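Annotated features in TrEMBL:
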type    : residues                               : note
DOMAIN  : 8-199                                  : domain 'Thymidylate kinase-like'
BINDING : G10, P11, D12, G13, A14, G15, K16, T17 : ATP binding site
Amino acid sequence: MDGKFISFEGPDGAGKTSVIRQIQEELEQQLGEEELMYIREPGGSRISEEIRQLLFDNKNTDMDPRTEALLFAASRRQLVVSEIIPGLKAGKVILCDRYIDSSIAYQGAGRGLGEREIWTINQFAIDGLMPDLTIYLDIESELGLTRIAKHRSNQVNRLDREKLAFHQTVRQSYLRLQQRYPERIKLIDASQPLPAVINDVKATIHDRFSELF
Ligand SMILES: Nc1ncnc2c1ncn2[C@@H]1O[C@H](COP(=O)(O)OP(=O)(O)O)[C@@H](O)[C@H]1O
Ligand SMILES: [Mg+2]
């Protein structure tokens, strides 16, 4: 397959959406709109969007965590088959906002389902289709939460304490993944101002794919 598969990882507030938007815009100018594909998980294909609705439906608050993990994996499977593989065959650059590492960090570590178990069900789902490059936007959990909550106050309040512990667990899992797969996963310091983060991301993409940027 001729395409390039780049995933973006990191906690909420790290800046994934902001970074991808800019990268997408610049690559569109460089390559043309047709050569790019943007995907946001879960969802991105008709069936995956229906699974997304199940996952986020307020009446499903009693959903079992393993059911949830399997639905994320199922949604990813459908996305791989209906969007990612055809896109790669067509030679496209695919920018994916979250992929398998999110499941490992959030469900495996954060929800405590086990990183190995989540890795296993997701390998079944993706059948070996790993990203060529993963941009991991690393940020200290307190700063990440502050960014999300910045309309409320500039401090993480007491009600956020539980969230903070969860985010720290997720971050430790991401850091372990990065140490385990340093060739695929590149760590970017996401605490920098956005233009500096974007510059680092572009340089990292260029290191891997010299024809981009
Ligand atoms: N490097 C940065 N410095 C300061 N604020 C940022 C930075 N990157 C993103 N933000 C802000 O943080 C919030 C979350 O950014 P977003 O791109 O949505 O992150 P994510 O998609 O990872 O959750 C937004 O309000 C965004 O404007
Ligand atoms: Mg986002």
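Even glycines carry a Cβ here, placed using N, Cα and C.
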For G13 (ATP binding site), the number of other Cβ atoms found within 10 Å of its own Cβ: 19
So if I draw a 10 Å sphere around the Cβ of K16 (ATP binding site), how many other Cβ atoms end up inside it? 22
Mean pLDDT for the domain 'Thymidylate kinase-like' (8-199), as a whole number? 93
Out of G10, P11, D12, G13, A14, G15, which binding-site residues lie by ligand 2, with a C-beta less than 6 Å from some atom of it? none
Which one of the binding-site residues (G10, P11, D12, A14) has its C-beta surrounded by the most other C-beta atoms within 10 angstroms? P11
Could you tally the C-beta atoms, other than its own, that fall within 10 angstroms of the C-beta of T17 (ATP binding site)? 11
